[in-house]
Amino acid sequence: MQSPYPDPTGEDESQSITSRRIQRLSLHLTPNYPQPQNDATHHQLQLLECAKAAMLKVDTDSLSNYLRGKHKDIQDRVLDYFNNRPDLQTPHEILKDDHRELCMRQLVALVRDAGIRPFRYVIEDPAKYFAILEAVGSVDVSLAIKMGVQYSLWGGSVLNLGTKKHKDKYFDGIDNMDYPGCFAMTELHHGSNVQGLQTVATFDPLTDEFIIDTPNDGAIKWWIGNAAVHGKFATVFAKLMLPTHDTKGVSDMGVHAFIVPIRDFETHQTLPGIEIHDCGHKVGLNGVDNGALKFHSVRIPRDNLLNRFGDVSRDGKYTSSLPSINKRFAATLGELVGGRVGLAYSSVSVLKIAAIIAIRYSLLRQQFGPPKQPEVTILDYQSHQHKLMPMLASTYAFHFATLHLVEKYAEMKKTHDEQLVGDVHSLSAGLKAYVTGYTAKSLSICREACGGHGYAAVNRFGSLRNDHDIFQTFEGDNTVLLQQVAGDLLKQYKEKFQGGTLTVTWNYLRESMNSYLSQPNPVTARWESEDHLRDPKFQLDAFRYRTSRLLQSVAVRLRKHSKTLGSFGAWNRCLNHLLTLAESHIESVILAKFIESVQNCPDASSRAALKLVCDLYALERIWKDIGTYRNVDYVAPNKAKAIHKLSEYLSFRVRNIARELIDAFDIPDHVTRAPIAMQSDAYSHYTQYVGF
């Protein structure tokens with residue numbers, strides 16, 4: 001069967017060197033697209049006609065309304081407020097100490113002057129809270145992180161780990177910024193391994209107090225946001241030690257959370273027994289005052305124990321509704337997944353801004369062209385489309401996936417359904433790791449796509465890259481989080497074969513594992529029509545086939561290596577395999593939500609545009625891992641070639657509506673703030689900035 005995607009690379013040897021170079025550049029500018037006929041004489045004309053016929057008309061307003069949803073108004077309030085307050089806008093050049101003070105003024109003004117109270121939505125309406133967080137991050141990523149420390153971490157720990165007495169005492173002060181606080185979990189020697197924390201809180205039954213101690217320098221609380229300058233309180237995570245009458249003298253009840261005042265409420269001086277040091281200038285996020293905390297026999301009332309999952313009575317008796325340290329620890333961390341949800345969601349916002357700047361610039365910038373003809377925009381080069389169009393498709397995919405995560409998180413906070421809690425824990429871990437890792441790489445690609453102008457600080461790639469970089473580490477190191485996803489997949493795999501219950505995200509393992517693990521169909525492996533390749537069922541089946549293959553093969557490897565290396569050694573031996581499995585699974589979840597979002601879109605033109613973008617996302621990902629599919633004959637050679645060519649064609653078609661797609665994000669110039677990406681007369685903005 002003749003491929004519908006011709007490969008016109010034949011050349012007459014008699015052609016001059018100049019003619020050949022012109023022809024090759026022409027092919028570079030206009031990739032190989034489906035054609036209705038094969039008359040070589042009309043090749044270029046057919047390409048242009050095909051491209052013209054393939055153009056979609058996108059209703060940008062309808063698409064934007066579908067993307068932004070019901071919280072558009074609160075986001076616009078945030079953006080308009082800061083746009084009308086030049087004194088609260090972060091300049092491109094600002095000293096660390098000035099940035100910290102500005103960041104604090106921005107947050108206080110948002111709450112007290114603009115009247116926007118994010119803390120009220122942390123529990124009641126998490127989707128609205130994350131929408132505010134996204135808008136605030138567009139103003140300054142440091143401001144978003146400072147807001148997250150105040151409300152998600154410090155405030156969230158009080159709401160989620162405390163009981164009514166704590167909410168009654170602290171809610172209003174946290175809400176109105178009278179009680180700026182910290183979240184003191186990470187230590188110098190322990191970050192990801194929270195159960196290994198060394199800070200201790202020993203109960204003193206004589207005074208009805210806990211004594212907070214830092215036993216060694218490795219236990220100093222480190223990288224604590226709000227600690228260096230502004231914080232008055234800290235939620236301190238420490239091992240709860242109860243006195244006993246045996247030879248040990250104390251009993252370790254596991255890691256618990258305690259409210260510890262760190263500065264005097266009136267004078268703002270550091271309280272006795274507490275050392276606070278500044279972590280100093282960072283690669284990014286210098287509007288956040290990270291500090292280090294050390295405790296020397298600091299006494300706090302027994303009531304300062306956040307006692308939702310475990311309590312100590314006046315006579316030193318410990319009670320908990322959960323039977324073990326591990327279950328209490330899991331419940332504690334399970335209530336703190338909101339931070340991961342927020343980071344995944346905010347990372348997509350950063351990716352949107354970077355993509356808008358790079359694509360808008362690429363639509364404006366012109367370089368080279370056919371002899372004696374005008375220069376062409378750099379986004380007409382196939383190589384540039386290859387850099388930016390799959391990235392734009394991924395941005396859309398991540399938007400819908402993280403929106404789904406926020407919705408599931410909000411449902412979890414309302415229902416406290418145990419199965420949903422586990423599902424959200426794994427999904428937030430996977431999406432946070434995958435999305436932030438992708439965004440970090442994409443920021444560098446966007447900078448490169450803008451050439452030398454991308455290197456100017458005013459065009460924002462440097463600050464976005466530096467501010468976002470730590471997203472890959474805090475709230476859980478990405479490599480560690482992906483291992484959690486892999487561990488859950490292996491658990492679900494075991495449950496599948498034992499007839500247990502699977503959580504929602506992993507249902508496809510039960511439904512289709514047998515078909516995924518069978519030999520590929522030799523007939524469908526050779527289907528290469530455009531309709532087949534753009535069929536959502538083919539795309540999703542391919543993603544899930546890969547995940548199931550990886551899952552089954554790593555399970556076999558772990559079983560084999562466990563016999564000689566033990567469980568820890570076997571896990572380490574298979575670690576890269578496990579990380580690939582986790583990423584593959586998350587990509588399956590992302591694609592499934594994208595397909596669903598396309599189908600649910602009510603506007604026909606928007607739905608057609610989203611279908612095009614979704615197909616590009618799916619086929620580009622399949623092509624990226626085509627070796628996996630070829631190794632097991634899931635895809636025949638000609639089909640692999642067809643996938644590649646169709647992916648390039650779809651990339652070109654997405655390029656044709658790229659302006660509409662980025663405009664649908666509805667992020668105005670005063671938010672992107674990059675002169676090279678202004679929607680009108682960008683070069684004038686840029687030359688004015690440098691003083692002309």
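Cβ atoms are placed via backbone N, Cα and C, with glycine included.
Note that this is a predicted model, so its numbers are computed, not measured.
Taken straight from TrEMBL:
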| type | residues | note |
| --- | --- | --- |
| DOMAIN | 182-298 | domain 'Acyl-CoA oxidase/dehydrogenase middle' |
| BINDING | Thr186, Gly225 | FAD binding site |
| DOMAIN | 334-489 | domain 'Acyl-CoA oxidase C-alpha1' |
| ACT_SITE | Glu475 | active site, proton acceptor |
| DOMAIN | 535-687 | domain 'Acyl-CoA oxidase C-terminal' |
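Structural mapping of features recorded in TrEMBL.
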| residue | record | CB count, 10 Å |
| --- | --- | --- |
| Thr186 | FAD binding site | 19 |
| Gly225 | FAD binding site | 25 |
| Glu475 | active site, proton acceptor | 25 |
The domain 'Acyl-CoA oxidase/dehydrogenase middle' (182-298), counted residue by residue under DSSP: helix, strand, coil: 6 helix, 54 strand, 57 coil
Integer Cα-Cα distance in angstrom, Glu475 (active site, proton acceptor) to Thr186 (FAD binding site): 10
